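Working notes, structure below.
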């Protein structure tokens, strides 16, 4: 049992209120002006914000098969440090969770080593990237969160349509990395100013938006919940906006780096700035920000993609795609958008908690009496530089090295258990 004393919580209007919070038996038992500590532990939250634990539906934990990049343990330690209490792990592992047996093995490993809640995706196709569909029903029974072939787009419309029909029958979501392989052209960055300056092959916007346009029509026909991963282009935002207006059940996420950066920020041919989707144009970034504010884009997800140093500290042509994000998402977004008065604090918290929970019908993301005690304590005055040497993640690959941020998670509770406190994993 914990009593979080002298903290602040956000009310429904987005105003800060001074409150104590009682955690008992893994639940939020009481939120009140003052709670007397008669037993259990007192946690001093003076001057700090007590918020729901963050939810990230797009995380690469790499285990099994990629343990040199990340493990379930290190990835969930990174999540705890970043204030995340629920993360959803992508299936581009070896082996791929494309069968009941692999999924059950993965679930056992999660139970054994994870520091926070991990909800694993199953793949859509066998081995991830084939045209043979997995056994959707068996994988749902084994605990799959949803179905995705993240890392590659499902190339054949017929394959995707059949997958959507099967998912719809089980009330499960299809989550899509949208990329038409015939439109990538071997690109490593966005097909724009930076690619031209550096003489690099570029990935055009249509590689993403064309597949989203196809998929929203398939989702309408199948009656499926279709979720777009890491949306990055103005055309994609337009397609999703139109689909929502038409009543199609489509949701979308955006990553912190696509909100903060565009191609003009890239300092040179540095593998730590290579990600998929790539950093797009200023116009694309503006469309993403507009889409998030008007509800076209539903929430924020990191696409945490750790790699070993030798896979990133090379030119872009040779580097792996992806950057880490779990440990830096909140401070970056708070610094860039809340401190500059572009967003309210409540908007940011909602996009990292209740919005993803609502989209995927998860019973998390709220701080109220009776809710699961997934909690992050945030010091909104704390100032620190982003230093990969301090990361719990094995991946140190971030373009934000050295950036000064204000507003950091200082403690994280997962189902009432203190898993991170003042720089230490418990």
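The backbone N, Cα and C atoms fix where each Cβ goes, and this holds for glycine too.
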Record-annotated substrate site (Swiss-Prot): member among 29, 272, 276, 341 besides 60, 61, 62, 92, 307, 321, 322: 276
Zn(2+) 1 binding, same site as 58, 60, 303 - Swiss-Prot member from 149, 150, 215, 387: 150
Cα-proximity to residue 60 (Zn(2+) 1 binding site), 10 Å cut-off, over recorded positions 177, 230, 303, 321: 303
Which listed residue (60, 61, 177, 322) has most other Cβ within 10 Å, given these are binding-site residues: 61
Lowest local Cβ density among 58, 62, 230, 307, which the record lists as binding-site residues, within 10 Å: 230
Distance in Å spanning the most remote Cα pair of 60, 61, 62, 92, 276, 307, 321, 322, given for substrate: 17
Residue pair residue 322 (substrate binding site), residue 150 (Zn(2+) 1 binding site) - Cα distance, angstrom, rounded: 12
